[in-house]
Amino acid sequence: MAAEAPSGGEAPVCDSGRSDAICNFVICNDSPLRGQPIIFNPDFFVEKLRHEKPEVFTELVVSNITRLIDLPGTELAQLMGEVDLKLPGGAGPAAGFFRSLMSLKRKEKGVVFGSPLTEEGIAQIYQLIEYLHKNLRVEGLFRVPGNSVRQQLLRDALNNGTDIDLDSGEFHSNDVATLLKMFLGELPEPLLTHKHFHVHLKIADLMQFDDKGNKTNIPDKERQIEALQLLFLILPPANRNLLKLLLDLLYQTAKKQDKNKMSAHNLALMFAPHVLWPKNVTANDLQENIIKLNTGMAFMIKHSQKLFKAPAYIRECARLYYLGSRTQMSKDDLDLTTSCHNMSFQLARCQRQNRVDPSSQQEETQQHTEEALRELFQHVHNWPDSAKKKQLLRQFHKQSLTQTPGREPSTPRVQKRARSRSFSGLIKRKVLGSQMTSEKKNSSPAPESVAMGELKKASKENMNLFFSGSPAGTVTPTRLKWSEAKREGRKGFF
């Protein structure tokens, strides 16, 4: 008989008559939480969208990748899998056909090595990874080769699906480490796949910008991490799972480099050819890209603990897709909204000072307005080159050529202007318009709330997105490109 739940949110113990049968449950009486799903995995809706709506998910992720990285039409089509990838030193389609044929034959025989990556194969290889986690202090791990005879015995056991007791002492850590590299090297394609190859080269070129908007030689780590997070989201599930296991192993190995003498850079030299390099290419084929690939592999090892988390805006987008809301912002708009909110406090402070000293009202207002516009213009100007950046810059220049942020402020003038939907127009109309209103009415609302309200309205007019159509989503790449013209006429998904 089921036990009744006591009041007060206690955790009762239910005894079904057996001494070993105990069930505990907690009743939550917090009314705001009733009817709300409790999600412990922050990427729950991301994974749900990936499995249930793969096309919608891929277009969402790829659109944000193109926001960070400039991908020409051919490279974008390669990333989407729409065209075949042209690689340096490739042996042509015939070699690919025979390689696929041999992989199918191996798969039929249940062979792990040389077969396409599967969850069953990962389960076998996980025995090696688990054993190496216990032996990270061995000097020269992954660099010193093991015994070839023992490696062949271990290889045959894995191919046959035999249970292996690696802790018996029959095999050495170097045998296991070398066999793991052999498994990765014999995959039909690199772990990070051929179609992602050019994107990884572009990620290595992401650099910071100086105050004047010029590109520097300092890597932009935040953008690189964000780009890798997005790129890993569209990896095949088996590749993503094994990559996570591998990078975590290499990260833990590098943490003990004082014992094993294997830094992240040394490990990158060992694994980049198996994880990043296209198959059937040599160092001469890659030429100047070798440094980029090795550096990129070392970067992934160092930051592996951050790379398998979906960006916050992707999580929010997936959550809203399933919870019924149709409004969502992109990463650029989230940054821009934050900038606008910061400026709203400056404008509010400016208005308070103007009401205290009416004699200098117009001059100080114009000065603070120009400063706010210059700050917003500089924030947008520092974005990486993209279509959205060009559209926003055109809005600034179209608003007023004589008052473009970054120039010397012109003579302050207070006059009625045509209604503008741009950020600069909204800021100037709010500041100057509110002054004229405050002179006529003494009971005007607080400047902080007014400034925040107008700037939030600006964000909604320029940045709100909507999932159009049914939840299945009629999301097309053009909607994912944030067309300004479409947003003014009608609202689209992205």
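Just so you know, glycine gets a Cβ as well, placed from its N, Cα and C.
Comparing S31, S115 with the features listed in Swiss-Prot, the residue bearing the annotation phosphoserine is S31. The DSSP secondary structure for R143 (site 'Arginine finger') is coil. Cβ neighbours of R143 (site 'Arginine finger') (same chain, under 8 Å, six or more residues apart in sequence): M262, N266, M270.
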